[in-house]
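Q: Sending over a structure as structure tokens; questions will come in a sec.
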Amino acid sequence: MVVNSDPDWLWRGTAEIFPHNADSNNPQEHLGILTQQDRPLRVKLGIDPTGTDIHLGHSIPFRKLRAFQDAGHTAVVIIGDFTAQIGDPTGKSEVRKQLTADQVKRNAESYLAQLKPILDFDTPGRLEIRYNSEWLSNLDLNKILELLATMTVGQMLAKEGFAERFQKENPIFLHEFLYPLMQGYDSVAVNADVELGGTDQKFNIAVGRDLQRHFGKTPQFGLLLPILLGTDGQQKMSKSLNNYVGLQEDALSMYSKLEKTPDRLLGEYFELLTNLDLAELPENPRECQKLLAKEVTAQFHGVAGAIAAQKTAEDIVTQGKAGNTDSVPEFSLAEITFPVKLAYLLSASGLCPSSSEGRRQIKGGAVRLDGDRLEDVNQEYADPKMLINKVLQMGKKKFIRLIS
């Protein structure tokens, strides 16, 4: 009888491992067994630095990568400085804008700085950081033709994103077909035993397995992780949808956003974003929200920073005060006409002298509502119910409570 020897950390928050033959004692067919062999595994995770910011959704595969590190394995982080100039077409309904080498370099530096609270950068042998331009920029035409010959156009068109664009007769450029092959060749170049990715990366990871087999190497395992829903509970976390929590956000902003996590997302967030025992969580959803906010904020700002953020958030929302301010003045929303622009509200409430100054403060990141930073200079509120009993803040010392 085969006993499931998978360690708990391997499956926590994991959507799928492939191949995963639970009836086999062969390590080459069972990642759980392979993780407990004598040699450390080489666990690959690639990122294309297409922007400067990482949010909690991006952090999930890196948290799993850290779990592999803590179990004694080697994390191989691939900075896709070459592939970022193409852009991953996965899930995209149109061609991605190509980046310059300088843009990619700056973005990569920002990404690595944000990952330091998550990954183990210090223990010898636990982390390799590689740039795929090391090998991809040296591919000659013969090698590129060899890669192209491993797949058919039909296989490529079956990929999510390509299929939709083909059906809608939207253009698909030939260089985009190279992306999965290049990501797959990364696995060949670094001798990956395991590749991590979101559930949307299964096609690309499977291509890596095929290419490793083509070049006479042992095919990697794929470990897929869920795509995190955003704080709205509706769509995947995304900066463009403004439902994200950025890793570079200050402690108060991070805490305030997470404290409002919808009840139905709490279990998922605890499983994917913390190491807490899920069986020991508070029964009260409100207490769960506070615990989640405090736990995640502490990962990036330390325990002291999380405690301070919690106290400030509670002072603003529940006690009507902030820091050393004993009370907050009130402004009646009945004095203005709705819909109302945020910039005008800042001026009408007396927090700033004019709407133009209000827009400048919003652009500068100085405006918050109940602790949440507001960044859209065109933000508009259609109904006073959206604002009643909330605290509007500008800078560190100016607060006003909005009442009916």
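A Cβ is built for glycine as well, from the same backbone N, Cα and C atoms used for every other residue.
Here's the feature list from Swiss-Prot:
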type    : residues : note
BINDING : Lys239   : ATP binding site
DOMAIN  : 340-403  : domain 'S4 RNA-binding'
MOTIF   : 49-58    : motif ''HIGH' region'
MOTIF   : 236-240  : motif ''KMSKS' region'
Q: Going along the chain, which residues six or more apart from Lys239 (ATP binding site) have their CB under 8 A from its CB?
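A: Lys239 (ATP binding site) has long-range Cβ partners Gly51, Asp53, His55, Gly246.
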Q: How does the model score the motif ''HIGH' region' (49-58) in terms of mean pLDDT?
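A: Across the residues of the motif ''HIGH' region' (49-58) the model's pLDDT averages 90 on the 0 to 100 scale.
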Q: Should anything in the same chain at least six residues away from the motif ''KMSKS' region' (236-240) have a Cβ under 8 Å from its Cβ atoms, list it; otherwise answer none.
A: 51, 53, 55-57, 227-230, 246
Q: I need to check the long-range neighbours of the motif ''HIGH' region' (49-58): which residues 6 or more away from its ends have a CB within less than 8 Å of a CB in the stretch?
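A: Answer is 79-81, 84, 87, 96, 99, 104, 106-108, 110-111, 114-115, 227-228, 230, 236-239, 244-248, 273, 296.
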Q: Three-state secondary structure of the residue listed as 'ATP binding site' from DSSP?
A: coil
